[in-house]
């Protein structure tokens, strides 16, 4: 952990590191900024909306009518942007050898994070709520990033590290569960000062402490060049012959299709089905339990209320168009044919996966909803159909930038890759209406169809990223 | 340059590093004197990069220690860290900077610096306005070298620095490195697979095999005392008071040979090619 007392040299390091923020270097390196800008606008509209509603509604009513998740997302995206910027420097292969660099970057990130959190708390307090409640709300929703920033010191025992990890995961799960509960925001914004002030201090120290632990990453062996850990093949002599062909089993078509979508963190088709079967029922049940506890509703009523937000889980998936470093390697294997055939294979694999996984997710959402609501079987069927079309169409819409631009910037591809999740989240208040869902589904179907048909041609004629930066 | 001649730039003592059940380094010990240029040689996976990672304090040893300028590398204070320079195999990070801005930004962490050596700047031949991400692999490597040498470190570590350089840039860099070491009296430790460069540049050779330091020898001694000894019945050569560092069907590669060593009658002596010697010394052998 860094000392709070700075020497003149450290002050000058800090000034330089701070000076990088909001310069061309910062803007160029941060492909998440575009996304952040979009969501700052969405959050500002939400806050404005709440402010307007408060003229004739109570805070609880206003918060239940507005999509406060937009504001929470901004808090998260700001942390992601700061992390990306700091890691661009600290993650450099020469960074460990540069005296004071990592510490200066960590200190600068902690200052910018503190300023943005206090700024957001100030804006939230305009609702109006007391500043300490607003600060607690903002800090609580930054918990996942406190966990992500944290890098354990090299001398830390495994036991202590395990305990910290467990505590961090517990906080993250709690935060994640609460943001999906509709009146959790009201609950957090109206806690007594005796609770929120000490909790805010604790969370603030935790977040800043986590950011200041960044220099520990320099000694994290995982962050070093992969060649450091490459183990030699068990060869007995330098004059050994070539590897026996029988030792190398060719990849099956199934394995190849999995690699097309997400090679860095592949969620295989079988795993995806398993997750889809349990993800929505388990999470919505947990949210409903918390909601029922906080709002004194029945479990069934709380479950129905969570369905709108639960629709987000229909489109949670991989970064299939963002992570494309593996494409050249797979292309040269020759298993897919020409460039256009290869890109079509990627789209086909994505569509096939979505067509199998989405109905499972939709049914696990709609069947309990239809039973609890209750809905007529035909209505439930059309509703399920709408959601399936919506989710599949929106996922394919990730390729839309390629229809308009030859080589869209990483920030644009990133924004469109996340767009299905965020659009469904934005539309969640309307999704519970069959007619609205149908309109959205038809729009998504048309755009998704256009993407599926034409984007592969455009992508096959653009440059593919083939290095790591 | 202010170098304290009484303190060894590098002292590695019984260094052991494991990754899970795999022992990457096993009891490695050596020192580097001021002004020495040391080559680190070994096959892929012999432990060179792990040794460099431990030397620079990026990896934490499981046993043993590394001292730089008399101080444990894991607790190296800032002023001593500033006396080191490191060139990685490939430069990553800092992609959004322009070349000029990155040189200024990194250089400022070393305090007030003299102007960059014009020869180094000429060799690097980089456009200061170019964005790092847009540089080719070779240009990026030249930038990494420039960043590591810009503050004229007393101890410079280079991990396969020339792999991505073209032959012109490689030859010029090896000359530049030699000049730098002579001019500043800095110690240099370099790992590379371009053996001819290392033989020409380095005053000492460290051979690593399967994580063990199998030979640590001055280059001139290596040239003078390493020989192939061949004999019709080669097993009789095993009893000679020489270090056996390799073998072939007809004889042995030995270290420590001199005119004074009495050899069995019929023994033929030949000077090994440096590459052949490397292949023999660093060949992976069954435990």
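Numbers run from 1 along the shown chain.
Each Cβ is built from the backbone N, Cα and C atoms, and glycine gets one as well.
Within the listed segments A:193-214, A:215-236, TrEMBL records transmembrane segment for the stretch A:193-214. The transmembrane segment annotation in TrEMBL falls on one of the ranges A:163-181, A:239-257, A:296-314, namely A:163-181. Beyond the ends of the transmembrane segment (A:66-86), by six or more residues, the same chain brings 20-21, 26, 29-33, 35-36, 39-40, 42-43, 45-47, 49-50, 53, 105-106, 108-109, 112-113, 116-117, 120, 124, 138, 141-142, 144-145, 148-149, 179, 185, 211, 214, 309, 422, 425-426, 428-429 to within a C-beta distance below 8 angstroms of the stretch. Between the transmembrane segment (A:163-181) and the transmembrane segment (A:273-294) there are 3 or more Cβ pairs closer than 8 Å, counting only residues 6 or more apart in sequence, so the two stretches are in contact.
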